[in-house]
Structures are given as C-alpha cells and as structure tokens.
Amino acid sequence: VGRKQSSRKKMTSSSPTHSDSSGSSKHDSNQDSWEIVEGLKGFPASMQEPVRQEGFLLKRRKWPMKGWHKRYFVLEKGILKYSKRGSDLKKGKLHGCIDVGLSVMSVKKKAMCIDLDTEDNIYHLKVKSPELFDEWVLKLRHHRVFRQNEIAMYPHERHLFHPHASSSPTLNDLMLPTSHQIIHLSLSLCLSDLEECESYLLELNLLLKSMEVLHRTYSAPAITALQVYVYTHTIAHIVIKLVQNIFHTTLKSAFSSLSAERDRLKHTIHMQAPQPAQVIGLKTTYSSFLSNNFESSNQDCPDSSRSLVHQVSNESKASIPESISEFFDAQEYLLSSSSSENEVSDDDSYISDVSDSVSMDTYSNEGGSERHNSVSSVVPLTRRRSTLPSPSPSSSGVSLWNILKNNIGKDLSKVAMPVQLNEPLNTLQRLCEEVEYSELLDTANQTHDPYQRMVYVATFAVSAYASSYHRAGSKPFNPVLGETYECDRADKGFRFIAEQVSHHPPVSACHCDSKNFTFWQDVRWKNKFWGKSMEIVPMGTTHVTLPTFGDHYEWNKVTSCIHNILSGQRWIEHYGEMAIKNVNNDACQCKVTFVKAKSWSSTVNEIEGVVTDRDGKVIHSIFGKWHEGVYQGDPPSATCIWRANPMPVEQEQYYGFTQFAVELNELDPSLKTLLPPTDTRLRPDQRLLEDGNIEGAEEQKQRIEQLQRERRKVLQDNNMTHQPRFFKKSKDDTWVSNNTYWEQRRDPGFSKMDFPVLW
C-alpha cells in the first residue's frame, strides 16, 4: 500500500489545468521506440465515464511458458478484465484483471505492442492491425485517466479492488463499498484478530502448565532436553512475534503462526511428556532464553557454546526460530561459515535442527593451514576489516524518473547513472562474491556418490545469489575495458581473477582455481526498464570442474528483477530454471527452479530442484530459499546442505554488504605493490565513494568514463581492437583464462610491465 501511495503522489501532482486524457511523453520521434503514457495531471474533477471497449488481443504467456495466446479483453471503468472467451466474462469467469489506473503503460507503435507494468507483473499485449492498435491505445488512455481521477477523488477506496487475488473475482465482486463500510469492516476485523490472539496466548499458557503436570505421568515416554527446550523456545518466540506484529505490521501473520504452533504443541504434549528432571531444566532453559533475547549484551563465546541469538532481516515476516522449529532428528552438513546465528526464515517448512559445530578452519582469518598453495609473496591479512569506512549516502535527491523515462524497454547498460546510485564495489568483484561458499565445491570434490556431488554443485550455484538479497538499493560500478580484479584467499583455498574483456557489449570474464575445483565464466547482461521494475537477463554459461573425478559441470543463470525502481522499498527476486549437467558424464543431471513470487502469496525467494539419473528418475530433491539455505530430502527429515552466513551488524547502513563483500575492496599496503595498476581496488571514484566523498567520486567517475571514450576512439581511428591481457577466446567462443596472471605477478611483477592508463 505504501508503494502504491508513493506512486500516486507523482500521478496526482498539482498542475494549473486539468489535463486531456490523451497526453503522453514521447521518447523518440521514431515509431520503433517505446512511448510511456502519462497519467492524470492537475486536480481531480468530475469526468464522463469512458466508453466500454472489448475484443480479442494477443497476450504473452506467463513465465515459464513462452509465446502468445489469444484472450478476450473487456475494458470498463479503468479495469481491464480478460478471459479465454467473451462468454466466460458474461458468466463472471475471469482469468485475470488489470487496474490500468495503477499501472505504468507504455506503447510501441511499430510493433503494435502495449505493456502494462502493475509492479507485481508485466503484461505484454499485442494487436494485429494498426487501426485496432490505435483504437485500443486511445481507449486505454481515456480509461486510465478516468480511473486515476476516481482514485484521486476517493483515495480510501483505491485498494479495494485487487487484480491479483488468488481466486478469480466475479463481476459482482468489483462493486466498491462506501468509506463508512470500510472503516466499520476494518474495526471489526481488528477486534476479532485481537480476541483470537488473546485466546491463543491463554491456551499456550495452559499448555505450559500441562507440561509441568505431566511429569507425574511416569508411564509416558520421555523426551529429550532439547525437545523440552524447543517447546518453551517456540512459545517465547510466538509471544515476541506477536508484540512485533502489533507494533510494526499486522496481526495476520502473528496469529497464523500462533495457530500452527498451538496445534503442534497440542499434538506433541498428547504424544510425549517430560520427566521431572526435564521439567526442572525446562524452567532454567526458559529463563536463560528470555535473558539472551531481551538483554542488550551480546558477548563473544566459543563455537561450542554459541548462544542462539537470531538476526531478523528487514524484509522477513515473523516466523519461528530456524534452528529448532522442526521436531525431528536430522543429520546436517553445515557447510557455510556460520553458526545457527542466522536470519529467521519466512517459512518454517525449510527448517531443521542445526548443529553449531563448524570447523575452525572455516572461520579462521589467522593464516592457518592453507588448502592451496598461493603464489602470494606477502603474509595474508591476519585480521580483515569488519565494516566500511563510511556509511552509504542518501540517494533521495536523485530523480530516477528523469533518468529512466526515456529508456522504457531499452538496455540500460549504456545509460550513465549518478554515483549516488552506486555501491563501492565493481561488477568484477560481484562475480567474486559467487564463490563465497566455495567450501561446497571442496566437499563435492571429496564425495564419491555422483548424485550427491551434483547436490553440492547445485547448492553452490544457488548460493551465488545469496548476497543480492540486501543489495537492491544500489548498483555496482561498471568496469572499464581492461579493468582487472584479483582475490587471493589462502584462508578459503582459492585464487580468483577477473577482467573486463569487452565494452560493447559489456562482457566480464573470471577464473577461480583451487586444489579442489576450477571455476570460470564469462557473463554479459541485458538490462531492461519496464516502468516500475528492471529486468536483468544474464547470458553465458558457468563452468566448474572437479579434478578428483574429472567432472565438468555447466549451468545457466536465471533472470533477476528489481521491483519498485521509482518509489517504495526496492526488492530483488530471481526466477527461471537453471539446468546443470556434467558434460563428461551423463549419469545424472539437475534442474533447479527459482520460483517467481506471487502477489497473493507470502512465500518468496523459494527454490526447488531435483537430481535425476539418465533415465529421468528422481534420485535426490532439494528445496529452500536462495537467501537463507538449501535442504535435501523431504520435510520433516530434510538435511540442511547450506546456510547463508549471518549479516554484519548495521548492514543496512553499509549498502547491505555481507562480511565477504566488506572485505573485497580492502587494500592492504603490502598488497598494493603487487597489484597491476588496472586492479579495481586502485580505481579512484570507487575508493572515494567508499570513503563517503560523493562529489569527488562523481568527478572522478566522469573523468574515467571520458578516458575510456578517448581510448575507444583511438582504437577505431587506427582500425584496432582491444586484446584482453589475461583471457582469450576458446573454441566455443567463450572467454577463458590464458593462465598467465599469477606467473606474471611473480615474475617479472606487474610493476615492471606496461599497462594502459585507465584512470
């Protein structure tokens, strides 16, 4: 609702006169470009209801289906309803509804296409004839302004119609009640919710008392101390979540989780009962839990006795604690460098009992035993930084609309953005973030079962998206042609290099090697702005080889979409199908689906995957959330394969960086002498932004971009093409490492070599 209200402010901005409904802002005189249709201008006024429009249009199929299908559309009072046939609409059977007043509308005359961006979905429509296209565009403009005028005059009633309801509405459902009816209904619902929550709390109190009484029933089966702890831990979290929801969100998610946990506790108490000693331990554990969760002190403790303090992400809904929400015993392979101190999951079906025993070599930054012989001639950093020098600046003064309004449907890679919209990391460094959880590949290289190896490789591919969860608010710097980046992490056992090998189209190539794996890819992106959202479509293939078994895995990346580009809280989602295959052995393959969020569902960021044999038989299944963790098997006996590392304290003030991301741009004085002058860490505009110098960063950014234009002109004037220094084209036309970086770094050393002046 807040996002919609923000967008309405732009739509209903003051103007001396009431605008004609046919007003539009043209991006280009060429009919091949997209034209965004303007909305209501001026003050709301009485308007004549526009004429009803109906007929067949072509509508692009929703993902994952491809192509177009014909649907019958009816446009009435600013609401566009559609179904398979006109007779279905007369019967009240709808396939969907679009509120054109709350949509960003853009048209492309030459292709006879109409796009409606509703924030949750983008509807692509196509008309067969130019005359019919002009007629529909004209009617849509009239209805859109009429609907926006209606919303402006009756703001309390604008959200009563929800075009994405889970069940198809009938025509009678679209009747709008009065404002008095809305207020009365809202008060009634609130009172009902409060009464239901109160009854649940009373019932939970009785359940606790029952657990104390049941110790007298000596014939009842005993339960473990951990399960006793689970009961009270869960009840306490329910109370905490209830309070949080009363003050911060709504009561809906609170009493729904209360209901689920009440039923679970009922069932467990009827089946099991604690013995007297365990009841005594229950009280002690319960008191300890309350002190851990409500006291402000959070002291460091050894790995063997880590307190279960959970961090809650900005976007997370209230949910039960992830480490103890399922009552089952499950072996767990916890491969991320984190303990159970992690984010609370949105969905308790993804949770398992989590062991806190994580090997010290995963945590260590003290230069312990190296898993791989590094060529670095300096001692690794004994302690890496835990925060950035300066928090992220405010971008409230930047008008994205003025920048993007002329680029609807276009590739944004060539559009210059102000530095306030950037984060102090580069696209090459973003590629390095994909190997943060390289321990998954280390484990895969030591796993003899080929199907289980595929599970670890697939989980590694999913983990590459985890760091993007908190990063929708900013974009990385675009590398200039010839820019490089290295990351030599002896503590993680890998060496990573990346280079910008092409500028138009922009292509970034990277290579990472370890004694347990080799990882490489070249990636190019197509970015398209659709009015309220921006789609990022990656092209290219990711490769991983495991030397122990001679495996060579390949997979594609999925589509990413950033929502609420212009107003509201930006958020990112990934959707599509990722196909993973072993090109050296077809014994098994894997398909992972990144599920697209639905407006009527609270579940987001979900992934589902299956590992099959050559005959298509499912051997293993995985599920989870790409920003939280991946589980193997079926609930409740699922095994946790990977869990994302906990976020640093106050990460929202520092671009949403993970701890790994915070370390990527760190420049140790001893390392500086070994880097080539083209390394990203030496780029002045990025360094100035990291230090909080916005004006200096913007000045340097423009200077660096101008230098790149001048170098490109020199190449064109002399009929020359840029030759990457550390990557070469392979037989299949992809960029691969030429295996010279680390040798040249050692002898003769980059300081003795010539490089182009990039900044």
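Note: Cβ is positioned from N, Cα and C throughout, glycine not excepted.
TrEMBL: automatically predicted annotations, no manual curation.
Residues annotated as compositional bias 'Basic residues' in TrEMBL: 1-11.
According to TrEMBL, the compositional bias 'Low complexity' annotation covers 13-24 (among others).
Summarising the annotation, TrEMBL assigns compositional bias 'Low complexity' to 351-361 (among others).
Sequence-distant contacts of the compositional bias 'Low complexity' (387-396), counting only residues of its own chain at least 6 positions beyond either end whose CB sits under 8 Å from a CB of the stretch, comprise 420-421, 423-424, 473-474, 648, 650, 653-655, 657, 662, 690-692, 694. The compositional bias 'Low complexity' annotation in TrEMBL covers 387-396 (among others).
Sequence annotations record features per position, and here TrEMBL assigns domain 'PH' to 50-145.
Under the heading region 'Disordered', TrEMBL lists 1-32 (among others).
According to TrEMBL, the feature region 'Disordered' maps to 338-396 (among others).
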Within the predicted model, mean pLDDT of the domain 'PH' (50-145): 88
The domain 'PH' (50-145) - residue tally per DSSP class, helix then strand then coil: 24 helix, 41 strand, 31 coil
Helix, strand and coil totals (DSSP H, G, I; E, B; other) for the compositional bias 'Low complexity' (387-396): 0 helix, 0 strand, 10 coil
